[in-house]
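Enquirer: Supplied in structure tokens, the structure appears directly below.
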């Protein structure tokens, strides 16, 4: 303990100095424990004292800078530049138009709505022009100014033509940047979030591609006062290629410049950004197309169910039809009520027809099965009558061979015919009429050839025809809407 106390004693002596007039005690007079405690406390006081010393020196430096009359030699005299400056008039009024260079940087595309035909975009709009009234040629330094200085300058009245709403950002201060170059060139940058209209053609939805635009134009200055052009550095839009959208992929973009002619006001320059949006189809295949295909395939299960299981087949058919209807309604709820028929509607109706056709197939097969049963029962009833007619014909043939036929004819003309002979003659006559009426050219012959098809045979045909037809329709559909 004595050794530790003597080792820490020099540190205590370096960091602590006694006040004038205060009593000092010789370290040798202290106990070992007291010397250790004094050394530890002295080290802590030393560290805290050094921190306070650094902070005090920093505050003194800031105070010296703020409180002094230090002047930076290259700073222009802004009061002198703004003397006589009229912010209500454009630079060079009465002369050539002001050239304003525009550049865009996309921060985000937040929302794209098909129902409202709009999208929301946050951009950094950079504008640059030359105002010779603010030039200072005694230095080459660019001056960065406070955003509040913007209120003292003339600014181009640029606005977004197809915007539904727009606002500036002001957290924590107004998101504006202004820089002044020695030759009077001003760089003005602002951050804007705007909801912009976008006319969409939804005929191929959700296999569609859309083109949206962002139009920038001067609101009050015609082409005689202001000319817009894309900045030379605007070969590509920074941030647009890095965007990850939930429903779309930006495939390409381009810039255009045109003059809009208004009869009452003249020609106004307009700059437009066009960007192509391709819809991501994966989510729609999972949410709409695959459930529809599965419902159609589910309706085919009834072809393997026995014809006698009427409740099972009917309930399966009705369930698939109702589920398909619900799927159609839910998918259309997020879309505008447009007159155009969409690709998704076409596919839903294709699936709906196949599901309904499976239900109709069972009705047709069940009808044929009942018809065959009734026909078989009718044949069983008429078979004894046919046997009796054959016996009567044999009797009549025997009588005619014995010469009775002539007597029968004479007696018939006189109205005297034995009952048994007359019955036999009539039965043969009726049979002859039946044979004559069932000739191939008569209606009886056609009805006999149109025999009802066996219900099981109908199901066997349906098992092959329905999937083949559905596959063929799918090939035509996808070829028509994706090429």
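A Cβ is built for glycine as well, from the same backbone N, Cα and C atoms used for every other residue.
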Enquirer: According to TrEMBL, which stretch among 439-459, 460-480 corresponds to the feature transmembrane segment?
Expert: 460-480
Enquirer: Can you identify, from 284-305, 372-393, 394-415, the stretch that TrEMBL calls transmembrane segment?
Expert: 284-305
Enquirer: Please give the average pLDDT for the domain 'Neurotransmitter-gated ion-channel ligand-binding' (78-280) in this predicted model.
Expert: 91
Enquirer: Under an 8 Å Cβ to Cβ limit, what residues of the same chain, 6 or more beyond the ends of the transmembrane segment (346-365), are close to it?
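Expert: Same-chain residues near the transmembrane segment (346-365) but 6 or more away: 288-289, 292-293, 295-296, 299-300, 302-303, 307, 313-314, 317-318, 320-321, 324-325, 327-328, 331, 455, 458-459, 462, 466, 469-470, 473, 477.
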